[in-house]
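Report on the following structure.
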Amino acid sequence: MTNIRKTHPLIKIVNHSFIDLPTPSNISAWWNFGSLLGLCLIIQILTGLFLAMHYTSDTMTAFSSVTHICRDVNYGWLIRYIHANGASMFFICLYLHVGRGLYYGSYTYFETWNIGVILLFTIMATAFMGYVLPWGQMSFWGATVITNLLSAIPYIGTDLVEWIWGGFSVDKATLTRFFAFHFILPFIVTALVMVHLLFLHETGSNNPSGLISDSDKVPFHPYFTIKDILGALLLTLSLFLLVLFSPDLLGDPDNYTPANPLNTPPHIKPEWYFLFAYAILRSIPNKLGGVLALVFSILILMLFPILHMSKQRGMMFRPLSQCLFWILAADLFTLTWIGGQPVEHPFIIIGQTASILYFTIILIILPLVSMLENKLLKW
């Protein structure tokens, strides 16, 4: 008798995705982040669901409903901080996952990569709208500043911003619709994740060597289920250390002040995981130019398959490209730091230099170095 997991129409899908999936035997811990992102998504949806049971999306009561969750709801403070810091963990895993894809040339799987970039955009939109919901000072002013960027679009900009706001400023209508979108988008993300996995399993996983691994594959279970469980335990441990010891470490103190349209905070800045893009936005004096640079800083990921000039897939055997990759990583850390600093000397010039370096490395230097490596290796 054949095993039910191989014959049952539903269980068969799970079996082919997580149990009998042929997996390259040499994939390293960098391949753990896919499953960790799945775990983060589950944590965020569950905690978000419980928060939504007590939250009210009204400008008069939103801030106090969050206070009520933290003070009066059983373990409400825990659920709220797991959700807030879970978002930070989500983005740490996301950026490491993308970095792994860039380093090992996983972007040569076009469909998987492009769906991944769309996923990144969707998750960023979800996180931005979630940050607005507590209706603190930084929520309100962050929403005002970021949505206002759309007014840079020629001709339709102002009308578009007022349409998104549902009025002439960020108010009740804006908060209500942001809550609605923040609730529905994670389910759209889940659907996109399934499409992402569908395309990945069409080709099979990449591996550190970048070579075809058909001759050396092992079943996903038990080898990589155990490995993923270890990763999940480490992620959960670090999340709970953050939540229970310093839950406000990554937040902004301004968000503990209720939103006040008449009082602007001295430094308006988004959450830490958007600071690199915010720094790129601020480094261009022109409003439309800044918005285009902001969008292109993420959209540029879609160009990697086109810009890939190397005869080798990953960077494992390409020391010059490795150096460039780590310079790019350091540049992103610099941009993140600059995004949190006030707009004054010397931060302005550092931000502008780091922004130029970011685009130059990706668009010009990396393809040229790849071609040089081909010549050096006589390929």
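Including glycine, each Cβ sits where the backbone N, Cα and C put it.
So that you can see what the record holds, here are the features copied from Swiss-Prot:
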- HIS83, HIS182: heme b b562 binding site (BINDING)
- HIS97, HIS196: heme b b566 binding site (BINDING)
- HIS201: ubiquinone binding site (BINDING)
- 33-53: transmembrane segment (TRANSMEM)
- 77-98: transmembrane segment (TRANSMEM)
- 113-133: transmembrane segment (TRANSMEM)
- 178-198: transmembrane segment (TRANSMEM)
- 226-246: transmembrane segment (TRANSMEM)
- 288-308: transmembrane segment (TRANSMEM)
- 320-340: transmembrane segment (TRANSMEM)
- 347-367: transmembrane segment (TRANSMEM)
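Simply put, out of 33-53, 178-198, 226-246, 288-308, 178-198 has the most Cβ pairs sitting under 8 Å from the transmembrane segment (113-133). Its Cβ taken as reference, HIS196 (heme b b566 binding site) is surrounded by 21 other Cβ atoms within 10 Å in the chains shown. Classification of HIS196 (heme b b566 binding site) by DSSP places it within a helix. For HIS97 (heme b b566 binding site) paired with HIS182 (heme b b562 binding site), the C-alpha to C-alpha distance reads 23 Å. In this structure, HIS201 (ubiquinone binding site) is part of a helix by DSSP. Counting only the Cα atoms, the space from HIS196 (heme b b566 binding site) to HIS182 (heme b b562 binding site) is about 21 angstrom. Recorded residues HIS83 (heme b b562 binding site) and the residue listed as 'ubiquinone binding site' have their alpha carbons 30 Å apart, per Cα-Cα distance. Taking a C-beta cut-off of under 8 Å and a sequence gap of six or more, HIS182 (heme b b562 binding site) has these contacts in its own chain: GLY48, THR126, MET129, GLY130, LEU133.
When secondary structure is read from DSSP and collapsed to three states, HIS182 (heme b b562 binding site) falls in the helix class. Beyond the ends of the transmembrane segment (226-246), by six or more residues, the same chain brings 29, 32-33, 35-36, 39-40, 43, 78, 81-82, 85-86, 88-89, 93 to within a C-beta distance below 8 angstroms of the stretch. A simple way to gauge crowding: the CB of HIS201 (ubiquinone binding site) has 14 other CB atoms within 10 angstroms, across all the protein chains here.
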